[in-house]
C-alpha cells in the first residue's frame, strides 16, 4: 500500500516546526539591543547605559515595581537606584585601569526617548602612564535574556564637564566602538587613531546587521515564503535584489528620521506580508511579478530593520556610514540564509512534489504569520520571538 503523501512529508514538517518552534525564546529582536557611551577623561569616566524598559525589568526586583516605571515618584526612583541598580552594577560591571579596579557609582536614571538611561561615574582615575590600558568587563542582562542581550559601547576620549558631555555623546565621532554580547564581555583598549575608530565603527555595525537578520525570525520566514514555490536562479536573484533595494531605501530614510512609522504598525504589516505571500503560494495558479510584490513589502521590512538602529545611531556623526555598514551586514546574513535554503529546497524538490512541498510549507508559514499578526496588532506580547 503506497504511503500517503502527507506521511512522506512528515519529516519536513517536523524540521520546519523545530526550526521556528524550538528556537530558544528571545525578546523581540529590536528590544534586547542596548547601548553605552563612555566619556574617558584624565581623572574620571562618565558613562551611560541605555536599556529598553522591557529589558530593564528583567533585573531582579524591578519588575515588582510595576510595568510603568515612568509613574515612579522621585523617592521611589531613588530607592530603585540605590537598592536595586547599584548592587546589580557592582556585580555585573567592572572597570579597571592599568590593572587597578575602580568602583562604579550609579548617579541617576532618566527616560531618554523610548529607553531608560543610567548615568554612572568612575572617579579618581590614575592615568599616569604614557599608554594607559583600560578594561571594561560587561556582564549585564545575559542571564536574564538567555544570552540574547547585545550592547554597543561608544568610547570617547574627552575631558568635557558634566554639563557638556551629553553634547559630546550626541554630536561627536566616538574614538572606539565595541559590541558587548555573551561571547564578548571584556574590552581592553588604549587611545587609538581616528582611522582605527572608523574601522571599529564599520565592523561593529556590520556584525550587528548580520546578527539582526539571523535572529529576525519574521524576516527569515518571509524569505522562505518567497522562494519555497521553486524558483530558478534568475528569479531568485531578482527577488533578492528587489528585497535588498527596497529595505535599503526605507532603512536609510527611517534611520535619518526622514520618514517615521509606528513600530507596532510596521511589525504588524511585516506579519501580514508573510500571510499574504503564503496565501499567494497556495491559491495563485501562476505567481507573476513576485519581484514587484517583494519590493513593496521590502519597503516595510526596511522600517523593521531601522527599529533596531533607532536608539543606537540617534544623534551620532557618521550616521550614514553606520546605517550602510548595518545594511551590508543584513545583506551578508541574508545571503547566508539563501545559500542554505536554496540547495535545501532543491534537494527536497527532488524527492517530493513541488506542489506538495509548497502547500505544506505555505500552510505552516501562514499559521506562523497569522499568530504574529494577532500578537502584534493587539500587543499581546505572547510570542517570544
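The count begins at 1 with the first shown residue.
Cβ coordinates come from backbone N, Cα and C, glycine included.
According to TrEMBL, the feature transmembrane segment maps to residues 357-374, out of the candidate ranges 177-194, 357-374. Checking TrEMBL for transmembrane segment across the ranges 145-164, 265-284 points to 265-284. Transmembrane segment is the annotation TrEMBL gives to one range among 90-117, 202-229, and that range is 202-229.
Ranked by Cβ pairs under 8 Å to the transmembrane segment (202-229), the stretches 236-259, 265-284, 291-309, 321-345, 357-374 are led by 321-345. Long-range contacts of the transmembrane segment (291-309) within the same chain, counting only residues at least 6 positions beyond its ends with a Cβ under 8 Å from a Cβ of the stretch, are 29-30, 33, 208, 212, 216, 218-219, 222, 226, 235, 238-239, 241-251, 253-255, 259, 261, 263, 266-267, 269-270, 273, 276-277, 280, 322-323, 326-327, 330.
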